[in-house]
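Pulled from TrEMBL:
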- 39-85: domain 'F-box' (DOMAIN)
- 431-473: repeat 'ARM' (REPEAT)
- 472-514: repeat 'ARM' (REPEAT)
- 559-590: repeat 'ARM' (REPEAT)
- 605-647: repeat 'ARM' (REPEAT)
- 646-691: repeat 'ARM' (REPEAT)
- 690-732: repeat 'ARM' (REPEAT)
C-alpha cells in the first residue's frame, strides 16, 4: 500500500495541455437539461450575472459555455473577461496564440510557462500588456526576451523566474530598459550576471522603477544598484557573489528604499547594522537563512526597536508585523487579514505589505525545498502559522507559493515517502486542512494544483488523512481528479492514492465516485509521455482500493481491469507498470470470494503482458508482476494460460536472478511458482527448467515470508517423484530438515514436513537403479531418509501432549478431543488446498509401514479438514470419494499404531462428521 509524496514541483514546457480542448466536466447543456434546472432558461439571465459566472469558470469551461448559444458566445468575448490570461497550465504555441489574438486586444496581464509559450507571446497581438509573468524560462534566449520587450513598450511589471533564466544576459536587460520605460517592477531569477551597464540603463531609462528583484543570480553589480534612486523595494535573495561592505554603503544611500530582501546570502552583521543605521527610510529587511548574519545576531529586538523590522531565523515575524499597526493583535491567524483592511486606508502600507508577502513566501519556499536543519525549530515555532496566514493573502501568487511550501516543508524524504509528523501536526493544529481545502475548491487551476499537492503530502500521516476525510476532502479530491487539467488531476489522484492506504477511507472514496474518476483518468491521456504521472497515481490509488473486497467489485464494474491491463501492456513507464501490476495482483487476491481473478486472466493478452513484465529492468515492476501472477495462479484456467504464455520459464528465470534483491521480490517469485506448481504438468515443467535449486536457495533464507513461500513451492514440487529426486540431489533435504526444526513459522515447518513425507514415502525408489553407483547413492539416501523421518517425528511430537492424548484414547470424550484439536491446529493451514491425488496419497500413507509417515498423514488430514477451514468441505468430499473413513477407523483402532496416528485419525473422523452435519442443515 504505497504512499507517495512530492516536495518539488518543477515542470517542463512539455507538460502542458492544449487550451482549445473542451472540458466535459461542466457543460451548460448538461445544466440546462438537468432535473433541477429543467424549468430554467439560462439564456434569459442578465448579462452581468452570466459574466460573473464566466469569471468563475476555467478557460475550457468558458469555451464550453460560449458554444451553447450566440448570446453566451458574445458574452464570452467580452473584454472584461480577457484582461487577465493565465496559461501556465496550457500549451501556447504560435497557432494557438494567433487564434486567441482577436480576444486579446484588452489584455493587460499575462502569465505563461515555458519557452515555447514565451516565443508565442508576440502572436497574441496584445500591445497593451502591462504585466508579463513567466515560469520555467531556463531556455529563454536574449532574442526572445528582447522581442517581448520591444513589442510591449507599455509594460509595467515583468517577472521571469522559478527555475532560473540561465541564457538571459545583461544585453537583454538593457533591451528591457530601452524599450519599457514605464516599467515599475522587474523580477529576474537565476541570471548568471547582471552587469553595471545593464543596471545603469535601468536607472537612466526606467524612472518609475520601484521594485527590483535579482533573485538567485550568480553575480550582481552591487555598486551599480545604488544608482536605482527610484527603487523602493530591492531583493537580491540567493545572490552568491556580493561585496557586502561596499553594497551596504551604497544601498544605505538609496533615498526611497523601504524594503530590502537579502535572504539566503552571505551578508555579515556589520553590513546589516550599517544598512539599518544609515538608511533613511528603510522599514523592513528580510535576512532569512543567512548563516553568517544569524550566527552573530541572536535576536532582532534591537533592530525592531528602532522602528525598522528585521525578519530572520530568530525573529518573531508576527511580532514584527504587528509593529506596522498601532493596534494590538492577539490572534496570529488574523494578522494578515487585519493588515489587509489597513491597506485600504494607507496606500504606502498596501505596497509594503504586498511586497512582504511576495518576498516572504518566495524565501520560505526556497528554504523549504532545501530543508536546512537549522530551520527545524523555526517551522514549528512560527513557520507553519506564517504559511497558513500567507494562504489567506489576496495575491494569488502568494497563496500558491504558500501551498507549495506546505507541500515541501512537511516532507523529510520524498524518495521513501517520509513526512515530518511534528510539522504536519502543526499544520493541522493551526487549521491548515480547511484552508487548503478552500484553496482546492477555487476556480483557479494553479491554486487547485498546489493545494492538491499539499493535501496529498499531508495525507501520508494517518491522523491528518482522517482530518482530511472528515473535512470533506475526499469529495474535493474526487472532483479535482475529473479535471481536464493534467497537473490538477495528477495531484488529486496522488491525494486519493495516499488516502486510500487507510482501510477506513476506501469505502468513502468509492461512494464519492472516486473509483470511476480514477479509471477515467487512466484513459484521459495516452500511455507514455505527459500522462504517465497521472496514470501511475491513478493506478496506485486503484491498487490500494482493490485490496478491499467491496471496492474491488466497483473497480471491476467501472472498467478498471481493462484500464489496468492497458497500462501493463502498453505503458513504458516503470512506475505505471509497477502500480498497474500491483492493482491487478490485489484484484486477483480475493480468491474464491469474487470473480476478479478469473476476469483478469480472461482478457486477451493480459497474462502475457504480466509474464513479460517479470523481465523488466525495474525491480518494483518485476515484484508486482510476480505478485499478480501468484494471485492469478489460484485459478485453474489462469494457471494453464500463464504456463502457455511462457510463465514457467519466465518465473524460473526470475527466481534464479532474485537472490540479491528485496525480500518482496523473492517472496512473490517463489509464490508464483508455488501457485503454478499446483498443476502436475507445470510442476514437471518447473523441475525441467531448473527451478528446484533456486527455490532451495530461497528456502534457506532467514526471512520467514521468503522461506515459507519457497517451502510451499517445494512441497508441491515434491509430489512428483522426478522432482523429489532432484530435491534430494540438489541438497534440499538438509534445508527442509533445518526449516522443520528451526523456522519460526508453523506453516513453514508443516510444509517442510509434508515435503519430506512425499520424498520418502517410497514413490521415488523406482528412480533408483541397481548399479553399483546407484547402490552407493542408495546407501547415502537411506541416511538422508532417516534424518528426514526423525525430524518429521520431532515436528509431530512438538504438538503432542501425552496426558491429553491418553485421555482421547481412553475416553474419546468431546472435551478431550476439542482440547487436542485446539492445541494442534495450525491456523494458517486452513488456506491450503489439496487435489484428489494429494488426498489419496495421504490416505495411502495411513497404510504405510512407517509409523512416522502414518502419523504425519493423519496430522495433515486433520489440518485440511478442520472446521472453519477455507477448503474443509472440499477436502471432506475428496476423502469420502477415496473411501478414507474405513482406513481412518482402522488406524484409530489399530493396537500397533502410534498414539499420534490414532488421535489425529479420530480427529479427522470427527471433522468428517461435522462437515456432513453442516451439509444436512
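Count begins at 1; order follows the chain as displayed.
Just so you know, glycine gets a Cβ as well, placed from its N, Cα and C.
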Could you give the mean pLDDT over the repeat 'ARM' (605-647), rounded to a whole number?
91
How many of the residues that make up the repeat 'ARM' (472-514) does DSSP mark as helix, as strand and as coil?
33 helix, 0 strand, 10 coil
May I ask for the residues of the chain that lie six or more residues beyond the repeat 'ARM' (605-647) and have a Cβ under 8 Å from a Cβ within it?
565, 568-569, 574-575, 577-582, 584-589, 591, 597-598, 653-654, 658, 661-662, 664-665, 668-669, 671-672, 674-676, 678-679, 681-682, 685
Sort the residues of the repeat 'ARM' (646-691) into helix, strand and coil with DSSP and give the three counts.
34 helix, 0 strand, 12 coil
